[in-house]
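Per Swiss-Prot, the features are:
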type	residues	note
TOPO_DOM	1-6	topological domain 'Cytoplasmic'
TRANSMEM	7-24	transmembrane segment
TOPO_DOM	25-444	topological domain 'Lumenal'
COILED	61-92	coiled coil
BINDING	Arg115, Asp144, His188, Asp210, Ser318	substrate binding site
BINDING	Asp211	Mn(2+) binding site
ACT_SITE	Asp287	active site, proton acceptor
Amino acid sequence: MARISCDLRFLLIPAAFMFIYIQMRLFQTQSQYADRLSSAIESENHCTSQMRGLIDEVSIKQSRIVALEDMKNRQDEELVQLKDLIQTFEKKGIAKLTQGGQMPVAAVVVMACSRADYLERTVKSVLTYQTPVASKYPLFISQDGSDQAVKSKSLSYNQLTYMQHLDFEPVVTERPGELTAYYKIARHYKWALDQLFYKHKFSRVIILEDDMEIAPDFFDYFEAAASLMDRDKTIMAASSWNDNGQKQFVHDPYALYRSDFFPGLGWMLKRSTWDELSPKWPKAYWDDWLRLKENHKGRQFIRPEVCRTYNFGEHGSSLGQFFSQYLEPIKLNDVTVDWKAKDLGYLTEGNYTKYFSGLVRQARPIQGSDLVLKAQNIKDDVRIRYKDQVEFERIAGEFGIFEEWKDGVPRTAYKGVVVFRIQTTRRVFLVGPDSVMQLGIRNS
């Protein structure tokens, strides 16, 4: 019996150890669960705290949004009031400029943005010759944007009407790396021309830029051009600019030409033409767009031999490109031409081809190498044939005139013929492969 009792005690010892081990494991497990539970509670508290912080932040931002919306609404109301005020001043200005019942020949608008010093120089030049004929040519400044120096300078003149184009729509370029300035310029042009043609009801508009000076006969020239455009619907616009108007390539201040290439840089168009262009006006590069055949549709442009505008803007959207070679040497006309006494009938479509073909026909043909030297050694006008754009660019480069083409048309060309002077009086005609046929010249 005693042996059995002893055996039981020995059996109880492992059982006790097993019980103690189990209790320890249970305690350890409970401790782990307790730690995890504590960590979970702590995480929950942290998340709750963060959520409350976010809710507070959202609430603050919502309050700011509401405040900003209120501010925007107030600014919109102020903008409406300012627009009404501007319209009132503009109406008063237009009434003053057109008083006496005389219908203007054309409104003149200077397109400006952020160059107050350039603008001052331009307006000074324009007012010098516009003041005596102000009733015929009401003057406007159209500013794109809110540059305060330009605005203050514009408002300092009581001889003109100020317009401001404020466009807050973001510019999205069609190709990477493009300058947004060209898109903004196109928007500004459309807005300004819409204002002048449709709001102010002008029948013609002359467009200048804020880096131009004008010639003494600038306004008389455009008055004569206006009459010519009324007679001939094949003239899309009249320009005061010649791309090859550098001092060494011009001579005759009385000479005018038709061109298939839109010159720009001081030009006039009619409301009927704008009616056609405004609905499809491009997003950017408006001047090159006007040079596309699909847009000018066979119509042509009047240009002078000697420029009536001078572009002094070395720093602008084109970043001074070609300024020293092509713009700085431009000859600004300094001769007062009595355009009222000039018969411009030769420029109408029915007469000009015959007139111009006569000039080309009389010119002496030259070919081969050393064309510049040959042209200089001949006392008469000369003509040089080119077979394609590559050959034209080579010949133009030798003489130093513009080599550029747009949509198959060289700058200044009429029916593929580019004309310029060499050694003052003599003309050089660069004649395209189809020009002789288009001009009706035989046996040349």
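Glycine too: its Cβ is placed from the backbone N, Cα and C atoms.
This view paints the features noted in Swiss-Prot onto the structure.
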| residue | record | Cβ contacts under 8 Å, 6 or more apart |
| --- | --- | --- |
| Asp144 | substrate binding site | Met111, Ala112, Cys113, His165, Asp167, Lys184, Ile185, Arg187, His188 |
| Asp210 | substrate binding site | Val110, Met111, Ala112, Cys113, Arg115, Tyr118, Leu119, Thr122, Gly313 |
| Asp287 | active site, proton acceptor | Phe262, Gly264 |
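Mean pLDDT for the topological domain 'Cytoplasmic' (1-6) in this predicted model: 55.
DSSP assigns Asp287 (active site, proton acceptor) to a helical segment in the three-state reduction. Arg115 (substrate binding site) counts 20 other C-beta atoms within 10 Å of its own C-beta, drawing on all protein chains shown. There are 24 other CB atoms within 10 A of the CB of the residue listed as 'Mn(2+) binding site', with all protein chains counted. Around His188 (substrate binding site), a 10 Å sphere centred on its CB holds 20 further CB atoms from the protein chains shown.
DSSP assigns the residue listed as 'Mn(2+) binding site' to coil in the three-state reduction, outside any helix or strand.
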